[in-house]
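Listed features, source TrEMBL:
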| type | residues | note |
| --- | --- | --- |
| DOMAIN | 8-86 | domain 'Cytochrome b5 heme-binding' |
| BINDING | H43, H69 | heme binding site |
| TRANSMEM | 168-188 | transmembrane segment |
| TRANSMEM | 214-233 | transmembrane segment |
| BINDING | H234, H239, H257, H260, H261, H315, H319, H336, H339, H340 | Zn(2+) binding site |
| TRANSMEM | 270-288 | transmembrane segment |
| TRANSMEM | 294-311 | transmembrane segment |
Amino acid sequence: MAPAPPPAACFSAAEVQRRLAAGACWVRRGARLYDLTGFVRQHPGGEQLLWARAGQDVSADLDGPPHQHSANARRWLEQYYVGDLQGDPEGPVENGPVASASTQKTDPVMEPKLKAVDWEKDLVDWQKPLLWQVGHLGEKYDEWVHQPVSRPIRLFHSDFVEALSKTVWYSVPIIWIPLVLYCSWSYYGAFAQGNVQLLAPFATEYSVAMPESAFPGLFLLGLFLWSLLEYLIHRFLFHMKPPSDSAYLIMLHFALHGQHHKAPFDTFRLVFPPVPASLVIAFFYLVLRLILSAAVAGTVFAGSLLGYVIYDLTHYYLHFGSPHKGSYLYHLKAHHVKHHFAHHRSGFGISSKLWDHFFHTLTPEEPHQKTQ
């Protein structure tokens, strides 16, 4: 049986105001207080919306407009709960004197992470590696993995293997942009020398000579091809629903993508780690090389690799960036966050919504009229 939760801390209006004046972003639902300071840049509606509501009751905002927040969004908010407001919860939080030392003694550590294991809610022990645990969740896995939490994840017992499963975002351009430049330069040189055929050597009798002017078109074709691959991989591989009676397929799904949906703001799990990415990239190049000549395959590969870099960096920014309201990236961020929190069976495009338009998988709009 799960241990009883500790009693909630209580804060006076003056204590809350002191924290707001110090730069914190606290909001409330009725008498319940939440510290959203660490979440403001991640908010899909923009950080300015949260700062404008600091110290206020956000109950009506959760119901919309501009949209009604999902059950996952409301569950997410509870991770930032810090205590209750003393006094009349309907009254405004006004300026007041700084709390005395005696009133600050209940000041909690503002770390919105679950400390104890609640097997009824968590289903896993967060103090242990998760990969071997999720395989035993069975039919509960699909619902559990799509209930996001704000905490880092550990997958493996081995420190070495665990390190290979994580990376910082800037490893992507540092590792792959030089390869894009090298391939572009070397294969453009091959085109400039002439005698480039379209197909691989085994099909030379059916091949077509490729002029130097074909290089930019093939490079752009690679970019376009990646945008389609990005969509197809995300939709049909990352969002496959593993059978509930297969522990290994559940573990595979969690390692590939389920971990990201469970902890969407785990800083070190937002871009592909270099080692597994290298294996996939090498496979993609070999497939191209089996069909196309070296120069054509290398040029398409360079464009696709640049598309991958753009995709991974865009993905990271959509989680941690704060784009200007109304911009392309602002709408793309809202589209992606809806995929995480409300519509994980749609909205599969990351760097663009092109293929979501084409395949009719856009996240649904939410026409919502606020009751006056």
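Quick reminder: no glycine exception, Cβ is built from N, Cα and C everywhere.
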Outside the transmembrane segment (270-288), six or more residues from its ends: residues with CB under 8 Å to it: 164-167, 169, 171-172, 175-176, 260, 297, 300-301, 304-305, 308, 312-313, 315-316, 319-320
Alpha-carbon spacing, H234 (Zn(2+) binding site) to H69 (heme binding site), which is rounded to whole Å: 24
Rounded Cα-Cα span from H69 (heme binding site) to H319 (Zn(2+) binding site), Å: 18
Neighbouring C-beta atoms (10 Å sphere around the C-beta of H261 (Zn(2+) binding site)): 19
Remote residues contacting the transmembrane segment (294-311) - C-beta distance under 8 A, at least 6 residues beyond either end: 172-173, 176-177, 179-180, 183-184, 186-188, 190-191, 196-200, 210, 215, 218-227, 229-230, 281, 284-285, 288, 350-351
Which listed residue (H43, H69, H234, H319) has most other Cβ within 10 Å, given these are binding-site residues: H319
Whole-number Å value for how far H43 (heme binding site) lies from H257 (Zn(2+) binding site) (Cα to Cα): 22
For the binding-site residues H257, H339, the one whose C-beta sees the most other C-beta atoms within 10 angstroms: H339
Averaged pLDDT, computed only over the residues in the domain 'Cytochrome b5 heme-binding' (8-86): 84
Euclidean distance between Cα atoms of H339 (Zn(2+) binding site) and H69 (heme binding site), Å: 13
Within the domain 'Cytochrome b5 heme-binding' (8-86), residues counted as helix, strand or coil by DSSP: 31 helix, 16 strand, 32 coil
Integer Cα-Cα distance in angstrom, H43 (heme binding site) to H339 (Zn(2+) binding site): 14
